[in-house]
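*Asks:* According to Swiss-Prot:
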BINDING   Cys12, Cys49, Cys83  [4Fe-4S] cluster 1 binding site
BINDING   Cys157, Cys161, Cys164  [4Fe-4S] cluster 2 binding site
DOMAIN    3-120  domain 'MTTase N-terminal'
DOMAIN    143-375  domain 'Radical SAM core'
DOMAIN    378-441  domain 'TRAM'
Amino acid sequence: MSKKLYIKTWGCQMNEYDSTKMAELLHSTHGYDVAEEAEDADLILLNTCSIREKAQEKVFHQLGRWKNLKKNNPNLLIGVGGCVASQEGNEIRARAPFVDIIFGPQTLHRLPEMVNQVSETHAPMVDVSFPEIEKFDRLAEPKADGASAFVSIMEGCSKYCSFCVVPYTRGEEVSRPVDDVIYEIAQLAEQGVREVNLLGQNVNAYRGEHYDGEVCRFAELLHLVAAIDGIDRIRYTTSHPVEFTDDITEAYKTIPELVSHLHLPVQSGSDRILTMMKRGHTALEYKSKIRALKKARPDIAMSSDFIIGFPGESDADFEATMDLIQSIDFDMSFSFIYSARPGTPAADLPDDISEETKKKRLQLLQQRLNQQSMAHARRMLETEQRILVTGPSKKNPMELTGRTENNRVVNFVGQPHMIGQFVDVRITEVLPNSLRGELIREEADMGLRVDTAPEIILQRGKSSEPDELGVVRMPRQAS
């Protein structure tokens, strides 16, 4: 009977990606299969996020639920990873001594050694170091789970925005070698993946090395990914306006695989607040980048993030944010009331805005964003949209569901063989959280672009032998 692994994941898409890699890694080295419930597991991992308020207390609350499982099964191993573990490792050891393994986002690749050592010595382990690119060298081969996949191309952030904890929990920017990224995507394409979402805390700051030492910038990487046959959609998240350079804008003119949707967080429309946030750009510079992008790709849909109630935010600052929203006309966006993150510069600023004011501003801002979002959805009525079919609809299993380029969910009547393929539909109804469509054509009638077959990329380097833990390292091209 195989050993069971249960992973609970909180936070961003990068954490989701990391959890997938943990499961693949521990399956390849120790034979762990994923359990649906913590009660059935031999190893429980909590992958944490420190972005939201009271993140630490949320962790201890969850660990308290698992404490009895450990008491009833002394052989059960419990590990805590992610950004809270990186930030609060010693506190976790002190308040939850029954936790066996504490690891950071950059040391998840060492999980097999940690599991071995804890099993042998019965002594807890803590490793929240920042060993840079080593993490990616030790990952198991990717396994596709559907037609869309996440691929991490870099880690960390070097922008040090005053409100953000990421540089302190995930470290500064480290880019994967470009050949490793392309090889992983080719492996996924071989398994039927049609859409990749390139991940990074500051993804458009990517500076990965080729095997010959030459540096590949993000725009060049987009061209290389688009050339892989089978990859017909490229998304990426999360971007920073400062790193959104002209060559990336130009890529939207020449790469049809790049979806007509961009998430570009701005946080505020006030130059004064942007300066206090240490964002490195003005509202006008942000608008200028969007104008250039819409000139390159007129139908592009924009989304963003907004922080409300940052320390010192005046009525005028808030109105500047509302004006920016009005001028950009976002397709959809995310907004949050500011909460101080321990250890960040902004945490030392006085919280001089009442909760009532914060909530009122958030309500007004979300009302405007929702109005814009619904207006965009209504404009899609009776239009033809290409969607990637991801599976049966959650609300009606007799229907299929997929996403448009601008990330809208569409449900329609179709056949099971369409799952994992593209179809064109006519939008027939606009609902609050989704769209309905009517099938127009299937993928066989589309004539999608064909370029470099994945097997050609995979043949460029043969996999090395598994290491002592059974991990096959990513092959590198020889010069």
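Backbone N, Cα and C define each Cβ position, glycine as well.
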*Asks:* I'd like the per-state residue tally for the domain 'MTTase N-terminal' (3-120) from DSSP, helix first, then strand, then coil.
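*Replies:* Taking the domain 'MTTase N-terminal' (3-120) as a whole: 66 helix, 22 strand, 30 coil.
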*Asks:* For Cys83 ([4Fe-4S] cluster 1 binding site), which residues in the same chain are close in space, meaning a Cβ under 8 Å from its Cβ, but six or more apart along the sequence?
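*Replies:* Set apart from Cys83 ([4Fe-4S] cluster 1 binding site) by at least 6 residues yet with Cβ under 8 Å, we have Gly11, Thr48, Cys49, Ser50, Ile51, Ala55, Gly104, Pro105, Val165, Val166, Thr169, Arg170.
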*Asks:* Long-range same-chain neighbours of Cys164 ([4Fe-4S] cluster 2 binding site), Cβ under 8 Å, sequence gap at least 6?
*Replies:* Cys157, Arg341, Thr344
*Asks:* In angstrom units, rounded to an integer, how far apart are the Cα atoms of Cys12 ([4Fe-4S] cluster 1 binding site) and Cys161 ([4Fe-4S] cluster 2 binding site)?
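*Replies:* It is 18 Å, counting Cα to Cα.
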*Asks:* Taking the Cβ of Cys161 ([4Fe-4S] cluster 2 binding site) as reference, which residues of that chain separated by at least 6 in sequence fall under 8 Å from it?
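*Replies:* For Cys161 ([4Fe-4S] cluster 2 binding site), the qualifying residues are Gln267, Met277, Lys278, Arg279.
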*Asks:* Highest Cβ count within 10 Å among the binding-site residues Cys12, Cys49, Cys157: which residue is it?
*Replies:* Cys157
